[in-house]
Number of protein chains: 2
Amino acid sequence: MNAPLNLTTDMANALRALAMDAVQKANSGHPGAPMGMAEMAVALWGRHLRVNPADPGWPDRDRFVLSNGHASMLLYALLHLSGHALSMDDLKAFRQLHSRTPGHPEIGITPGVETTTGPLGQGLANAVGMALAEKLLAQAFNRPGHDIVDHRTYVFMGDGCLMEGISQEAISLAGVWGLNKLIALYDDNGISIDGPVQGWFADDTALRFKACGWNVIGTVDGHDVAALDAAITQARSSSERPTLIICKTRIGQGSPKRANTAKAHGEPLGAEEIAATRAAIGWPHAPFEIPETVRNAWDLRTRGAAQQRDWTARLADYRVAHPALAEELERRLSGRRPIHFEDVVFKAITDVALKGETVASRKASQQVLAALGPALPELIGGSADLTGSNLTDFPGCGAVKGGSFEGRHVHYGVREFGMAAAMNGMALHGGFIPYGGTFLTFSDYSRNAIRMAALMKQQVIHVFTHDSIGLGEDGPTHQPVEHAASLRLIPHLDVWRPGDATETAVAWAHALGQRDRPSALLLSRQNLPAQTRTPEQVAEAHRGAYVLSDRAAARAVLIASGSELGLAMTAQQHLDALGVPVRVVSMPSSSVFDRQDARWQQAVLGDARLPRFGVEAGISRFWRQYGCVDALGVDSFGESGPGPSVYAHFGLTVEALVARVQAWLTAAA
Amino acid sequence: MNAPLNLTTDMANALRALAMDAVQKANSGHPGAPMGMAEMAVALWGRHLRVNPADPGWPDRDRFVLSNGHASMLLYALLHLSGHALSMDDLKAFRQLHSRTPGHPEIGITPGVETTTGPLGQGLANAVGMALAEKLLAQAFNRPGHDIVDHRTYVFMGDGCLMEGISQEAISLAGVWGLNKLIALYDDNGISIDGPVQGWFADDTALRFKACGWNVIGTVDGHDVAALDAAITQARSSSERPTLIICKTRIGQGSPKRANTAKAHGEPLGAEEIAATRAAIGWPHAPFEIPETVRNAWDLRTRGAAQQRDWTARLADYRVAHPALAEELERRLSGRRPIHFEDVVFKAITDVALKGETVASRKASQQVLAALGPALPELIGGSADLTGSNLTDFPGCGAVKGGSFEGRHVHYGVREFGMAAAMNGMALHGGFIPYGGTFLTFSDYSRNAIRMAALMKQQVIHVFTHDSIGLGEDGPTHQPVEHAASLRLIPHLDVWRPGDATETAVAWAHALGQRDRPSALLLSRQNLPAQTRTPEQVAEAHRGAYVLSDRAAARAVLIASGSELGLAMTAQQHLDALGVPVRVVSMPSSSVFDRQDARWQQAVLGDARLPRFGVEAGISRFWRQYGCVDALGVDSFGESGPGPSVYAHFGLTVEALVARVQAWLTAAA
C-alpha cells in the first residue's frame, strides 16, 4: 500500500525541508546528504523497515545504521515523522547543548538511534557486527517453523565511508560470512568535502564489492522511489550474499544553487537558497510545519505495532514448543547473567588462586575462558588472526568463519579495526558479550573503535596480549611502550594489566560485570610467577589496586602492574635483606582504582610522606599522577632481542629498582 | 644474462637455507614467508632491481619494500648476498639485541632497508608514498632528454597486508594517481596465522585491484622464476597503471612437513625438519655456508655500480643543460634547506607577531604556510578530504590528484591512515617534507603510522585541527579529549598546541627544523586572541614552554596550552583585581619543553612551593606530571552544542579557574 506519487514526493520533501530548516536554525550542520538521500529514506523506511516507534528496543526489529552520521538530520526527521518519541521541539533544538538531536547520532540520547556514527566507515562495520549477531542468534535459537530471530540490517553510507580502509575490512568479512540479511545503500553522489571525488576516489565500487562476494544492484536512480523500492525488494531475496544497492544521487538535491556541490555538504543553505529550494521542490509550508497527509503517510506506529504483535504471538508459540530455549533467549536479550553464574566466576577465581601456577597472563586468560565460556553462552570470542598467540579460544568453542555460525570464536582475519567495530555492533545488537584479541601494539589500529565502545557504553572486551617489551624478538614495531598509558586516557574504558593468573581471573570477572563499559585486558606473552594472597586480598583486587605485601614501618611504597608485579615483590625481599622495609601495591587497573572512594585510595597508597616508586614496562611518567617520586619504565621505543635481554637493556630489573629506592632514601636522609 | 636453471634454483634455496637456519639459531622468527617468496626474490632482485650495494642511498635506486615485514630474513639474506654491508655474522645474530638484523626490518639499522615494516599493510602504503614522491620529483626536475628521476618502487606483500583496511586506502590512491612505476608482488600462499584463509579472506584480489584501476598480472606460479621474471618485465611496461602481480606460492616451500601449513609461519622448523628440507631441496651445505657460485650469482655490486655510474654521467649532462635545476635537485635530495630560508622563517614569525591578529590557529597555520610554502618547495601538503577545514592549502599551491603531479597539495580523500603512511613513504623517499591534515580526533585512525614516523625518525608534519570541545556542534565523536595527552606519550614525536598565531608560526618553524622527527600541530577551530610578547619571548617559545606573563611576588603559576592560553591570561587579570598575583606559563609543546635542561624547566615552572594549576581542554591528569595541584580540563567525552556553551558546560571558564586558585590558596593559608 504505497503512497501515491505526489504524496511520495512530499514525503521526501518533508525530509529535505526539515533538514535544511533545522540546519539553518542551528546555523550548523550538514544539509546536503539528508537532501540527497531523501528518496532512499522514503523507499526504505516507508516501505520496508520493520520498526515499532512505540518500542524502539523490540529485539526482532530491523536495524538501521546511518554510517554517514553527519546526515543526522535525515535520521532525526525520520524518527520524528515515523512516530518515535522525538518531538518537533527536539528537531528545533538540533545541535544545541543537551538536546536529543546532537550533531551526530548518538545511541542513548535519541530513541531509535542504533549506534553512534560520525567517524566514517565504522557504521558499516557496526552493521556487519549486527548482521553477524543476528545470524549467530538465529543459529542458536531458531527451530524448524520458529524463525524467532529474523530481521535485517540496513545501512546508508557515503563516499567517505567507502574511502576509509575499515570499509574494506567490513565488506570483506560480510562477504566471507555470507551475511545475506545485510543490505547497504550507497549514497553515490560523487561529491566529498574537497569537491568532485573523481580526483581521489575512482574505485569501481560495484566491482570492488563483487570482488568481496557481495550481491550488487544498480546503479539505481537514487531519486526514484519506485526503483529504490524494487532494488530493496530484490536485495531482501538474496539468500547467500550481502547486498549493495548503488544509488546515484545528487547531494543537496532540490537546492537550485547548492545541489551537486561540495558547499551543500557542511553548511547551512542560507535563507535565500532555502526559499529558492522551497519554490523549486514545491514545498510551500513554513519551517517545521508538516501537513497532516504527509505526517500520516510517514507514521509507522500502526504498521510497527502490528509487526511486533505478530512477533510476540510467534514468540508465544515458540515458548510453548521450546520453553527452555525461549527462556534462555529472553535471558540473553535482557542482558541478565545466567543464574549461579556468579558462583562459577567465584569458583574460577578460587581455582586459579589455589593452583598458584606460574603462567603467562594470556594463558591464564585462556584458562579463565575455559572455565567461564561454557557457562556464559553470550560470550562470543575472536581474534584478528592471532588465535594461537592471543589464546582467545577455549576447548569446545568452535569457529565462526565462512558462513558457519555454530561456533563461539570468530576468525576476523588481520582486521583489528574491523573486528573492534564489528564487536561494537554485536554488543549493540544485544544477546552477546563480544571479546576479541590482537597484540597490544595493534590497539593503535582499532583505537577509535575502542573509543566508540566507551562513548556508547557498550560491554566489549579487548584481549591485548604481548603487552610490553617482554615479547622480545619481534622488536619495536611489536613492542607496546605508550599503549597502556594511552588506553588509560580514554574516558569510560577499564584497562587491566593483571600481575598473575589470579589477577587475570579477577580482571575477567570485573570486565564481565561491567554492563555499560568496555574493558581492555593487557596480557603478557611471558610467564609470570603466582603471588600469594588471602581471600580478602583476592576480593580487594576487584578494586583496581590493593596492598599485596606490607611491612611494618615501611619506608617506601612500590606500585607495580602486570609483569612487573613479580619484580616489585622480589625487590621487596632484597630490600628486606638490606633493612629497608617497603610496601608493595599491586595496581592491575588504575581505571578501576580511580573510581574508588578516597579512603580506599589513601589506605592503599599509604602515607603521602612515604616515597612512592612506580614500576611498569611502559612510559614511566604515567606514575607521577600517583605521587611517585621515581619510576622504572620504558621511555623510548623497544628493541629486538630475547625478552630478558631487552628487560636488562632497559634497566627493568630488581637490582635497578632496589638501587633507585636506596638512592632516594639516602638522598632524602 | 640470467643464471642457468640449476643456479637459479640454488639462488632461491640459498635464501631458504639462510632463513630457516637463522630462525633456528635465534630460536625465533618466521621461516615460512621467506621460503615461500624465494623465487619471487630471485626474479626481482636477480633480474630487475636497480640498487647499488655499495651506495644504498643512491637517490635514483629502485625502492624495495617488504610490506610483510615478518619475512625479514628474506630481506637480510638478499642484502647480504647482493653485497650490501651486512655480514654473515650479522645474519647469525638475527633477532639478538643490538644486532643489525632485528626481528622486523628497521630503517637506520640495516643498510638497504628502505622502511620499517611489520605492522601489516603500512609497507604497501609507504610504497605508494614513495612512488608518488618519484612522480612529483620527476615532474619537477625531469626535462626532455633528461629523465634524471626515473626509478621504480617494488613491494612484496602477503595476505595479512591485504586484509588490513589500509591496503584499500593505499591501492585506491595508487590507482587514482596512476602510479605506473609501482609494482606489487602478492605472496598469495593462502595461509595466515589462523590457518587456510578461505574462512576469513575470500576476496577476489585480482578483481579488487582491477576495481581500483590497477594492472593485474597473474596468477603466476610463484615458484617459477622465468614466469615471475616475465611478469615483472610486463609490469615495467605499464604506462598508466600500477601493477599487481599475483604470485601463487606455498608458505614454507621446500619443507616436507611444514610447507603449506600455518605452522611454517612463525616458528623455527626444528633441526629434524631442517635436515629433511635440506635433503628435499638439494641443499647439502652447512648452515650459513653459501657456495661461491651461488654467492657470485647473487652479487649485485658490479651491476649496481654500473647502473649508478650511468646515472651519475646522466646527472653530469643534466647539470650542464640545467645547472640551476641540478643544483636545486641536489639540495632537495640532500635535505638541506634553501639558503636564506631561516630569514624567511624569522620574517614570517615576526610578521605574525606584529600583526597581532585574533584568528583561529588553523587559520594562522595557513597564513604561515602561505609565507613559507613558496620558499620551501620540498614542502608537500595535503588533507584527508578536509582541506577547507584543516586549511592546509595555500595560495598557488595547486592540487595533486588523479594523475596530476604539478601541485603541492595532495587530495588524499577520507583516508587518514593511508595518508599518514604515504607521507612516511614520501619522507623516506627523500626530497620532500610532507604534511597533512585531518581533525585531531581522527588521529586515532592514523595513530600507528604517526608512531612509525617517530620510530623511523622521519620528518612528517601532522596538522590536526579542531583540537578540542571548542569545535562545538559536531559533538563527542568529533571532539578530542584524550588525544593531546595521548599523542604526547608517543616517544620521539613533537606535539605542539600553540596558543595564538605567533606560537603557531613558532610551531611550524620548529617542526620544519626537526630533520629527524615527526611533529603534530594541534590547532583550534575557533578564534584565539593574540598575546603580546617581547622578541625574547618569541624566541623562548621555541623551547616548548616559557613565562608569558609574570607578576612580582606571584602566589601561583597557571600553565596553559593552546586555546586555553587566553583563558589563563584573562584569569591572571581577574586575579590581579583580587589581589592575587599569578604567573602565566605558556606551554605550547610539552614534548619540546621536556627536552630542555633542568635549569630552564625550573626557571619557567618557578619555585616548587608555588601551587601550579594546569588548564587545557583535555584530560586534566596530564598536568599532574608538571606538579600541578589542580587542573581545569575535560575528563569525560564531549557534548554537541555551540562551542562556548560546551566550554561553559565543562566549566572551562575564567571564573572557574579564578575560583580554583582562590580556593586552593584559601585552603592552604
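The backbone N, Cα and C atoms fix where each Cβ goes, glycine too.
Marked as substrate binding site by TrEMBL: B:HIS30, B:HIS265, B:ARG362, B:SER389, B:HIS466, B:ASP474, B:HIS478, B:ARG525. Annotated site 'Important for catalytic activity' per TrEMBL: B:HIS30, B:HIS265, in sequence order. Among the features that TrEMBL reports, thiamine diphosphate binding site is placed at B:HIS70, B:GLY118, B:PRO119, B:LEU120, B:GLY160, B:ASN189, B:HIS265, B:PHE442. What TrEMBL records for B:ASP159, B:ASN189, B:ILE191 is Mg(2+) binding site. According to TrEMBL, the domain 'Transketolase-like pyrimidine-binding' annotation covers B:359-530. Summarising the annotation, TrEMBL assigns active site, proton donor to B:GLU416.
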Open item on the list: Checking interface proximity: list the binding-site residues among B:HIS30, B:LEU120, B:ARG362 whose CB sits under 8 Å from a chain A CB, in sequence order.
Closed with: B:LEU120
TODO: May I ask which of the recorded positions B:PRO119, B:LEU120, B:GLY160, B:ILE191, B:GLU416 is closest to B:ARG362 (substrate binding site) if we compare their C-alpha atoms?
DONE: B:GLU416
TODO: Whole-number Å only: compute the distance from the Cα of B:HIS478 (substrate binding site) to the Cα of B:PHE442 (thiamine diphosphate binding site).
DONE: 8
Open item on the list: Going by DSSP, is B:HIS70 (thiamine diphosphate binding site) sitting in a helix, a strand, or coil?
Closed with: helix
- [ ] Based on DSSP, name the secondary structure state of B:ILE191 (Mg(2+) binding site): helix, strand or coil.
- [x] strand
Task: From B:ASN189, B:HIS466, B:ASP474, B:ARG525, the binding-site residues whose CA lies within 10 Å of that of B:ASP159 (Mg(2+) binding site) - done: B:ASN189
Task: Cβ-centroid neighbourhood (8 Å) of the Mg(2+) site, B:ASP159, B:ASN189, B:ILE191 excluded - done: B:GLY36, B:GLY158, B:ASP187, B:ASP188, B:GLY190, B:SER192, B:VAL197, B:THR249, B:ILE251
Open item on the list: Within 10 Å of its Cβ, which one of these binding-site residues (B:LEU120, B:ILE191) has the largest number of other Cβ atoms?
Closed with: B:LEU120
- [ ] Sort B:GLY160 (thiamine diphosphate binding site) into helix, strand or coil using the DSSP assignment.
- [x] helix
Task: Top Cα neighbour of B:SER389 (substrate binding site) in the set of binding-site residues B:HIS70, B:GLY118, B:ASN189 - done: B:GLY118
Open item on the list: Nearest of the binding-site residues to B:HIS265 (substrate binding site) by CA-CA distance, picking from B:HIS70, B:PRO119, B:LEU120, B:PHE442?
Closed with: B:HIS70
TODO: Give me the non-local Cβ neighbours of B:HIS466 (substrate binding site): same chain, 6+ apart in sequence, Cβ-Cβ under 8 Å, ordered along the sequence.
DONE: B:ARG362, B:SER389, B:PHE439, B:LEU440, B:THR441, B:ASP474, B:HIS478, B:PRO480, B:LEU523, B:SER524, B:ARG525
Task: Whole-number Å value for how far B:PHE442 (thiamine diphosphate binding site) lies from B:GLU416 (active site, proton donor) (Cα to Cα) - done: 7
Task: Those residues of the chain, 6+ apart, with a Cβ under 8 Å from that of B:PHE442 (thiamine diphosphate binding site) - done: B:ALA384, B:GLU416
- [ ] Report the member of B:ASP159, B:GLU416, B:ASP474 (the recorded positions) whose C-beta atom has the most other C-beta atoms within 10 angstroms.
- [x] B:GLU416
Open item on the list: I'd like to know the mean pLDDT over the domain 'Transketolase-like pyrimidine-binding' (B:359-530).
Closed with: 97
Open item on the list: Between the Cα atoms of B:HIS70 (thiamine diphosphate binding site) and B:HIS30 (substrate binding site), what distance do you get, rounded to the nearest Å?
Closed with: 6
TODO: Using C-alpha atoms only, work out the spacing between B:LEU120 (thiamine diphosphate binding site) and B:HIS30 (substrate binding site) and round it to an integer in Å.
DONE: 15
Task: Tertiary neighbours of B:GLY118 (thiamine diphosphate binding site) (same chain, Cβ under 8 Å, six or more apart) - done: B:GLY69, B:HIS70, B:GLY103, B:HIS104, B:PRO105
